[in-house]
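K.L.:
Take this structure first; my questions come after.
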Amino acid sequence: MAVTTVAQFATELNRPASTLLEQLQHAGVSKASASDPLTDTDKEKLLAYLRTSHGTSGADRKKITLTKKSTSEIKQADASGKARTIQVEVRKKRVFVKRDDPTGASSESHDSQDVQELSAAEEAELQRREEEALREAEALRRQQEEEAAQRQRAAEEQARQEREARERAEREAAERAAAEAAARVAAEAAAALAAAEKAAATAPAPAPVAAVVPKAPAPAPVVAAPTLAVASLGAKPVAPAPTSGMRVIKAADIVAGEAQKQIDLDKRRKAAEAEAAAIRAMMAAPKKVMVAKKPEEPKPVVPAAGAVGKDGIKGTIHRPKTAAGAPAPGAAPGAAAKPGEKKSVKSEKLSSSWADDAKKRGAAAPASKGRAPDVRGGWKAPGGARGGRRGDRGGAVSNFTPPADVQIHEVHVPETISVADLAHKMSVKGSEVIKQLMRLGQMVTINQQLDQETAMIVVEEMGHKAFAAKLDDPDAFLEEENLAEAGESLPRPPVVTVMGHVDHGKTSLLDYIRTSRVAAGEAGGITQHIGAYHVETPRGVITFLDTPGHEAFTAMRARGAKATDIVILVVAADDGVMPQTKEAIAHSKAAGVPIVVAINKIDKPDSNLDRVRSELVAEGVVPEEFGGDAPFCLVSAKTGQGIDTLLEQVLLQAEVLELNAPQEALAKGLVIEARLDKGRGPVATVLVQSGTLKRGDVVLAGQSYGRVRAMLDETGKAAQEAGPSIPVEIQGLTEVPSAGDEFMVLADERRAREIATFRQGKYREVNLNRRQAAKLENMFENMGQGAAQTLALIIKADVQGSQEALAASLLKLSTDEVKVQIVHAAVGGISESDVNLALASKAVIIGFNVRADAGARKLADGNDVDLRYYNVIYDAVDEIKSAMSGMLAPEQREEAIGTAEIRTVFVATKIGTIAGSMVTSGLVRRNCRFRLLRNNIVIYTGEVDSVRRLKDDVKEVKEGFECGIKLKNYTDIAEGDQLEFFEIKEVARTL
């Protein structure tokens, strides 16, 4: 059992501790202070004492109930979202029951059990009361939310009613004010106009007539109607009399609303007064005044200081006639206006025709007919019942707003554009463009294509600025897209082209580098097959282009793309600088790439290094030891001496050039060579210049496109990707691309197909549109101004003097129509590099006292390169002149072949009209041309359809024989007509 003190027990009983101590003393329990402990036995003694003291029998079973209250707080959110605190009071009861047990132990156990039961009951009661308190709090919250919603709805409804009443009152007041103002203004204007007309009719002609300025009415009547309306509106009962605090608040709100409405009405009243004053000032000017005829050159009217009347409107009074700048005696009276305004002058100018018309009708007509002049004020009276709107034309400021400035557009015109697109660019209708083209003499439809020149003329004729746009090529933005997608640039391997004379060891040098650097077991022929390979060295990777690289090098230079970074110039130590070496130097300098000189065959005993250096210096290749920029390497393709040094020099040049390319981007590069394989289809060898080419990418190369189905490296093995400066062989293109074409990877196959299709039909469409737009005057202007044709030549001679003389003689043959271009001129035999150069430049090779070697002849035969050999310079000049003549357009000439006389005309069934003729001279052939002469006058020119001799079709009939001639599409023939036969032959022109 829990032990409590006297003070705690007194608190439970709600009694003072001193009273409880006295009762305990009387009950026989000795407790000295309130802090003494109090046991259950002591409590039972106290209970027995109290029962006996209050007359209760101890034998009766009674119970004592102790009540304890506890208060707690619960936070609950209401409808507005704010937290509300709810007080929860919990009352606990503890009941003590005295039981009569035979023994004290059993009594104690029963008491413990009773206390536990009472504790459980108290807990259940506590839980029930808490739930009840929560339910009450929830009900209270819902009730508060409903009350708040009802109050809000009531407030909104009341506000809506007040707003509608206020708007209705304002609307009625404004309408009344406007009606009254309009009525007053109309009456004033009519009176002023009548007075002005009367004054003008009665006044003498030479005396100046003063302008009639009507007095402005007092503003009080204008204010009266709105004020009365507001007062009457305020007198209406809006709500019942306030009977509670809430009603008092609403009445105060209504009073505040009425005050606000009064303020708004005052503002509107002032605005209406200002508007009415402006209307009166505008209408104050005389609309129809009889004026004397003005002189031819009247002086401008100079108004005096405006006199301000009582109504606040400024007027203008003319000076006397003698004053400087005064008008003529017969001048019209000036209109009343504010200083600085030009309304009177403008209205006078605008209404001059109206005033003249009124003068023609006569000013005394209304009086003669007996009409009152002040009823309507003339047909121009602004305030009349029927002429109110027309009167504004006379003196009011015109509402006409001048048109805004025409906006001039900058139109970028592509090569071809439709009429609809051109109109859209100029922000005009398509019909306007069609009309403009009709004025220019061209009939078009809205969807018809226009060439760039015609479109630019139309744009300029319509007042806009025309600019020639770039080609509307869909791949024009590919470069920008690739630049935008390019990632970080990283170092890439250099691309090296080996050039030089074939006898100087170029092939042997490449073979040694390949066999020493490529892993064992790889087929060497594959590298030759794809034309490019790369070599791994301790210092980096080098990509070599084989002999076809010379051709690709030239083609790439023509396209402006440099695939070659470094050129290795191979020179034999025993031969020195040969003519083909000079060609290689010229190609390298034209492309702007550095040269690394490899002097080969240093192991031969007859090598002369000093002579080689001096010859190279003479050609402009200065070694580094002489202060130049070309490194010289002494190598031997036979022993391998100096190969490592050569590769190091190449890599050193690459480091100086800082060759970088993005790797994490779409691939882009060049087509080195391409062929059509019987089993695999189009196969192209490409050199990746930037990005990474992966299997499955969509490739666009020239006019061909496709998805990479297979990719092989230089060893013939399948590769999944290729980085910058790596050559690979790809399959999957739609057709064979051209060598030297740029290729790029696109993200969308549909876009690649569109670009390839556009490239195929681009020039065809442009030419078609240009032919369609050609006109007769343009044809006359362009006659004789066509682009001159060019004959490219490569000259190889035995000696320098012969080469210079032949080149000078051939250059003198150039004319305005055909020009001679010397691509290359040198001394020596015709080699493979010459044939490659001729292929790239489409030139003719001329050998003067020299011949081509076996390799060059084979290459020339395989690629249809024209080789010409001459021993006499005049023969060379004559043949080149004949070739230039063959490039000229042939001349058409008529050649008469015979004549015939028509002796009879008959009609054959299923054949038509037949001319029975006698061949009088020459002969007549089937399908030849003829002229029909009647009385020695040519009446028709046509073609012979067929010729018959004795019922047999023949090709020709000679002189002295009769034949039947059927003319094609012509039957108007008669006996005695003459037929003249001729043929048109093309004759070659000569220079």
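Glycine too: its Cβ is placed from the backbone N, Cα and C atoms.
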K.L.:
Swiss-Prot tags one of 15-19, 470-474, 525-529, 955-959 as region 'G2' - which one?
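P.N.:
Region 'G2', as annotated by Swiss-Prot, spans 525-529.
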K.L.:
DSSP-wise, what's the residue breakdown of the compositional bias 'Basic and acidic residues' (125-175) into helix, strand and coil?
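P.N.:
With helix first, then strand, then coil, the compositional bias 'Basic and acidic residues' (125-175) has 51 helix, 0 strand, 0 coil.
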K.L.:
Within the domain 'tr-type G' (491-658), what mean pLDDT does the predicted structure show?
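P.N.:
Taking every residue in the domain 'tr-type G' (491-658) and averaging pLDDT yields 76.
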K.L.:
Let me check the 10 A CB neighbour count of Ile602 (GTP binding site). How many other CB atoms are there?
P.N.:
19
K.L.:
For Ile602 (GTP binding site), name the DSSP secondary structure in the helix/strand/coil scheme.
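P.N.:
Ile602 (GTP binding site) sits in coil per DSSP, no helix or strand.
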K.L.:
With DSSP as the yardstick, break the region 'G1' (500-507) down into helix, strand and coil residue counts.
P.N.:
5 helix, 1 strand, 2 coil
K.L.:
I need the most crowded of these binding-site residues: Gly500, Asp503, Lys506. Count other C-beta atoms within 10 angstroms of each C-beta and give me the top one.
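P.N.:
Checking each of Gly500, Asp503, Lys506, the winner is Gly500.
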